[in-house]
Structures are given as C-alpha cells and as structure tokens.
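Inspection log for the structure reproduced underneath, given as structure tokens.
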Amino acid sequence: MKVLVIFAVLSLVIFSNCSAETDEDFFGEESFEADDIIPFIAKEQVRSDCTLRNHDCTDDRHSCCRSKMFKDVCTCFYPSQRSETARAKKELCTCQQPKHLKYIEKGLQKAKDYATG
C-alpha cells in the first residue's frame, strides 16, 4: 500500500511538472515587460519621505529608509518602568537596522574592498 501511495505522488509530481508553463511562456513579450516594473523600483529607491534611522516610526511603521542594501525595520518597544511614559504604557517605535543585516552589509563591503584593491 505504501508503494502505491509513493508511486501515485511521484506520478502526480511528474505530471504537474510536465504540464506546467515553461519559462518562455511566462517571460514572453505579451505577458511580461520590464518597462512595467521599472517605475515601481525607481519609486522605492527615490523615496524621499522615509523615516531616518533611529527616528520615530510609531505612526507609519512601513516608512523606514533603506541602507545601501537592506531596508531598515520599524522596531517597537515599551520604555522602562521608571520613566513617566511607561506608566501610560505607550509603545515607542524607531527605525533600526537588524544586527544580522548590519553584519552582512559590512562583510560584503569588506569583501568588495578586498576584491577590488
């Protein structure tokens, strides 16, 4: 019985791969044009109304700026219990770069500097 189930799943996978659209069908001239996507990419890169790093993004959490490679993330936290704003339990959010992305960016920059010079 197990062999029959495995054979059925395998044949279904093979059939679906054979009948799927090929890359030529998907990237044909009529279905995909690079001119359609370029304005969206340009708009994201030139976004001037973004929130700078370590600035408040509480009201608009998707407004953080980009660094050289990655977009900063709006990180939220509650202030310490000693401060007056903590008594109001107000959440504060700032645009920050996650540490792993910071290390990746620095490592790639050092590799690029090493390769070029």
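In case you wondered, yes, glycine gets a Cβ from its N, Cα and C as well.
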Let me make sure I read this right: Swiss-Prot says Cys65 forms a disulphide bond with another cysteine. Which one, out of Cys50, Cys74, Cys76, Cys93?
Cys50
Could you tell me which of Cys57, Cys76 is bonded to Cys74 by a disulfide, according to Swiss-Prot?
Cys57
From the disulfide-bonded residues Cys50, Cys57, Cys65, Cys74, pick the residue whose C-alpha lies nearest to the C-alpha of Thr116 (threonine amide).
Cys65
Long-range Cβ environment of Cys57 (disulfide bond), under 8 Å and at least 6 residues apart:
Thr51, Ser63, Cys64, Cys74, Cys93, Thr94, Cys95
Other CB atoms within 10 A, centred on Cys50 (disulfide bond):
18
